[in-house]
Protein chains: 2
Amino acid sequence: MAAATDGNATLSDLGEFGLIGRISDLAARTAPGEDVLVGPGDDAAVLRVRKGHVVMSTDLMVEGRHFRRDWSAAADVGHRAAAQNLSDINAMGGRAQWLTVGLAAPADLPAEWALDFTQGFAEECALVGAGLVGGDISQADQVVISVTVIGACAVSPVLRSGAEAGDVVAIHGRQGWAAGGLAVLGRGFRSPRVLVEAYRRPEPPYDAGPVAAESGATAMIDISDGLLADAGHLARASGVSIDITTGSFEVAEPLVAVGAAIGADPLQFILGGGDDHALLATFPPGPALPDGWTRIGTVSAAGDGPSVTVDGSAYDGPTGWSHF
Amino acid sequence: MAAATDGNATLSDLGEFGLIGRISDLAARTAPGEDVLVGPGDDAAVLRVRKGHVVMSTDLMVEGRHFRRDWSAAADVGHRAAAQNLSDINAMGGRAQWLTVGLAAPADLPAEWALDFTQGFAEECALVGAGLVGGDISQADQVVISVTVIGACAVSPVLRSGAEAGDVVAIHGRQGWAAGGLAVLGRGFRSPRVLVEAYRRPEPPYDAGPVAAESGATAMIDISDGLLADAGHLARASGVSIDITTGSFEVAEPLVAVGAAIGADPLQFILGGGDDHALLATFPPGPALPDGWTRIGTVSAAGDGPSVTVDGSAYDGPTGWSHF
């Protein structure tokens, strides 16, 4: 549903304080709880914390690099901007509580875009009960979105560095769908629609992180740079090696179809894709995995240094994304 | 002091993970405390909080709009980026604890710039004992910096909304110097140097916010949009009117000199300037003001609505800054 605004007004028409007012109205609906002691509109928000710690993370999204306005509606971009930050807290085994947004945008950006973005953002936050409590806006040559989230963990946070030889590597959530959708959009198509939608609005498994933490996960990361790239981050942080077994993936039919259409191995989307915000975690070998987790590999001692292999060998396909 | 890097390397040469590594090294020096349970390098930082609340704020700085690389060194921009966020916590009467930085920048930005920026940022944080605990980087067409800070207040946060008729309006910190410096730079000059330096590296009165809170300040704001503009924010939030007495300002000699040189009333820098991050607060009329605060005006009932007047009359000079 679009946030109503005055026809074709731009940010310049609405003005800084007009825009802040409208965004604050939308934000206020996301954070009605008694724990928001002061919401948007002062020098800072004041937020009650019930644990003796906070987890805190910041992510950027840049127009033309992380999204295109002709590929995603404003509300989609809002959903994704929130999702990728909420996912970082999920990957610590935590629950997100409060977010701020910095929105830099050209003066001729339709005001509707900024408001629809905010509404999509707020809807995604509502999925986990988190509130938008502040932010800033500025003029810039392109849209740059910066989101910061804080939250808390009920048990000890699950770091990237806790994996041990003998652990099981497991995944929770769709993987490769968003990459398939992006490949489709990049070739000027709009279907399979289910993949395009997966790219536009990822569905991170928000409950899976805290459950994994309570179930004894030894290390965890959200897959945002690509499955193999993020497995590499985890392996290096833990000082271990990881082998991924491709036979453990059920390659979904839409991915098979896109692979056939563009002449690519659909496994490439799964191994290299990073926009679904699935969770990758390691668990001790003994007990059964929590619900929804699929075993996809094993952890071994680092040997000559931390490494990630695929079916026992080095992988020579695309493995992820670098920002420079 | 410049952060060492490899000659003329750009961000593109250094690469995403190279840059993150270097920035994390600099950041780690700012946050050595036992309260940083997990620092940069995981999905989120984990931070011990000792109060039952956090104060949280986000600010953007955009190249060409908030700073120019030919007017300010990278370290200066780092100092300012930190200062404007630390100042928001100051204006709540709080003390800043942890910050994250999102840095979007062109691939051909010298890596030295990003590292010097980080070093300046870290040095400013060190003035209040706050730590840089995380962030994100991305490629973009221009440099966009997004900073989020969290902190805590020892006593109740001082909001914008608590001023009452009869209160005294007071200021703490240099006011108008940065605006004078900006006016000088905008005309292609580099002196008076003291004003240019005031613009490049503001010196917010970091201790004054918590002291004002403990001394019973009824409302407070940091002056970032301009003295009259921010007085207006405070007046509207409190539902009061504010009158500023220009005779209460001692117009510093460098401001007089610049005013004479460019044919402007130097009061214009004081009334319209917003880059010094001085504090504006209201106090009950009775007791003496805390050290360092100067009485500059009075609070009265709103009458026909909240307003800000200067020496009893509407002011028709420039009153501040709008981002769109």
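Heads up, the Cβ atoms here are built off N, Cα and C, so glycines get one too.
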Residue from B:ASP13, B:ASP76, B:ASP88 that TrEMBL also lists as binding Mg(2+) 4 with B:ASP43, B:SER57:
B:ASP88
Cα-to-Cα gap, B:ASP222 (Mg(2+) 3 binding site) vs B:ASP88 (Mg(2+) 4 binding site), nearest whole Å:
6
I'd like to know which binding-site residues lie near chain A: of B:THR58, B:GLY135, B:ASP225, which have a CB under 8 A from one of its CB atoms?
B:THR58, B:GLY135
Among B:ASP59, B:ASP88 [binding-site residues], residue with fewest other Cβ within 10 Å:
B:ASP59
Comparing the binding-site residues B:ASP43, B:ASP275, which residue's C-beta has the most other C-beta atoms within 10 angstroms in this structure?
B:ASP43
Drop a 10 Å sphere on every Cβ of the binding-site residues B:SER57, B:THR58, B:SER224 and tell me which sphere holds the fewest other Cβ atoms.
B:SER224
When the domain 'PurM-like N-terminal' (B:41-152) is classified with DSSP, how many of its residues are helical, how many are strand and how many are coil?
33 helix, 48 strand, 31 coil
If you count the other Cβ atoms within 10 Å of each Cβ, which of the binding-site residues B:ASP136, B:ASP222, B:ASP225 comes out on top?
B:ASP222
Give the mean pLDDT for the domain 'PurM-like N-terminal' (B:41-152) on the 0 to 100 scale.
93
Round to the nearest Å and give the CA-to-CA distance linking B:ASP88 (Mg(2+) 4 binding site) with B:THR58 (Mg(2+) 1 binding site).
9
